[in-house]
Ligand code: TYD
Ligand code: MG
């Protein structure tokens with residue numbers, strides 16, 4: 001039965017019986033979203049029961065027995081790593097990413113391997129897709145040479161019907177691909193709208209938590225547009241992973257941005273081959289483009305996203321601007337950070353780039369979120385501006401403060417060792433990151449002020 005619905009303004013919270021383009025209360029445009037009305041059938045249904053499904057009691061924290069969550073391998077070592085050491089039984093994982101990045105491939109591979117028990121004794125898997133036909137999924141499974149015989153498949157987009165089927169099939173692990181194709185009978189808005197995505201996901205999560213089913217939800221990340229991004233779901237699930245990379249490139253990075261059962265910012269690296277996704281267990285130097293000749297504007301940094309150091313190349317192009325507002329464009333790094341760094345460079349280094357466009361790119365579609373990229377960004381921009389290549393055996397990392405000071409980053413020594421392992425012999429690092437004991441074959445220049453950096457570059 002369809003629940004009574006209403007429209008709630010996401011800006012001021014006012015409730016209206018009908019949809020309109022503008023909220024009559026606060027005047028904001030396009031903020032009315034369909035929601036299930038209080039006192040509708042939804043409240044009578046068990047939707048307000050606790051997620052865990054059991055009645056809760058008040059307890060002393062000291063009496064709570066702590067057990068390590070049971071986990072299983074997903075069959076893909078890098079996925080296990082990002083999840084914090086395997087899939088926690090009964091957990092709900094959201095995997096977001098651009099269309100075509102490989103989300104369906106990743107989950108089909110993993111589910112097939114996880115459920116390939118010796119004839120029925122293994123965990124049961126259910127792959128629900130609203131995006132592809134059974135033929136397409138089957139073809140892919142065959143082409144990837146997966147053990148797909150025991151895998152159950154459902155092509156369905158109605159959340160209530162998916163849950164009804166799942167109640168019968170009783171899977172241990174379920175994949176729903178993708179949340180944007182689902183709709184719930186309770187709401188009238190189109191599939192993909194924020195309200196539909198949120199309500200369908202809430203129903204699936206409730207089902208998963210009540211039955212102890214492990215659930216993977218796929219969500220497409222979209223630029224501001226019609227489809228609701230998976231952002232609205234992040235608080236409902238245990239773990240949020242983002243699958244990133246340059247779709248034309250070979251490598252994909254899986255990143256944990258939220259994890260109730262493990263560390264965040266852990267990275268998993270995969271290669272997309274014609275035989276599917278293959279975990280790359282030693283990825284530290286794959287994101288380098290390895291120029292034959294030194295080129296201006298290129299710098300190698302050691303980033304440490306998650307628990308592994310990773311060598312990545314940061315490229316800059318600084319070119320005279322003909323726009324009224326010079327452009328500051330970054331791919332794989334934060335744009336605000338670049339603007340800030342250029343201001344520091346001007347104020348504390350006396351180098352003004354206000355008549356120059358500055359473009360920064362991290363090679364290989366990697367995204368670097370840590371501040372250790374500050375110094376590499378500046379070094380790359382300077383190198384391009386002066387058209388002076390940096391030595392090819394040089395690595396750089398460090399945070400730059402607003403006062404022009406160079407601040408240390410975590411695990412400096414480990415980063416330097418990784419660089420040395422790959423044949424780098426020179427490094428410019430924050431003074432506080434200089435190793436106490438010299439690293440063999442690595443000449444370290446320690447800097448504490450921007451002025452010093454400008455001197456050595
Ligand atoms: P897909 O998993 O369908 O992406 P998503 O579900 O995130 O939209 O993967 C899409 C791309 O992956 C597709 O463009 C082709 C490529 N691909 C390979 O290169 N090798 C393969 O073995 C497979 C299955 C896909
Ligand atoms: Mg897909």
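First residue shown is number 1, and so on along the chain.
Each Cβ is built from the backbone N, Cα and C atoms, and glycine gets one as well.
Keep in mind that this is a model prediction, so the values were computed, not measured.
These features come from TrEMBL:
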- 68-221: domain 'RecA family profile 1' (DOMAIN)
- 97, 98, 99, 100, 101, 102, 103, 104: ATP binding site (BINDING)
- 258-262: motif 'RadA KNRFG motif' (MOTIF)
- 357-457: region 'Lon-protease-like' (REGION)
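With a CB cut-off of under 6 A applied against ligand 1, the binding-site residues 98, 99, 103, 104 are reduced to 99, 103, 104.
Within the same chain, residues at least six positions away from residue 99 (ATP binding site) with a Cβ under 8 Å of its Cβ are 220. Residue with the densest Cβ environment among the binding-site residues 97, 100, 102: 97, by other Cβ atoms within 10 Å. The Cβ centroid of 97, 98, 99, 100, 101, 102, 103, 104 marks the ATP site; residues of that chain outside this set whose Cβ lies within 8 Å of it are 220, 243, 247, given in sequence order. Of the listed binding-site residues, namely 98, 101, 103, the sparsest CB environment within 10 A is found at 98. Summarised by DSSP class, the composition of the motif 'RadA KNRFG motif' (258-262) is 0 helix, 2 strand, 3 coil.
By the rule that a residue counts when its Cβ sits under 6 Å from some atom of ligand 2, the binding-site residues 97, 99, 101, 104 yield 104. Here residue 104 (ATP binding site) comes close to 129, 131, 132, 140, 177, 218: these same-chain residues lie at least six apart in sequence, with C-beta atoms under 8 angstroms from its C-beta. Taken residue by residue with DSSP, residue 97 (ATP binding site) is part of a strand.
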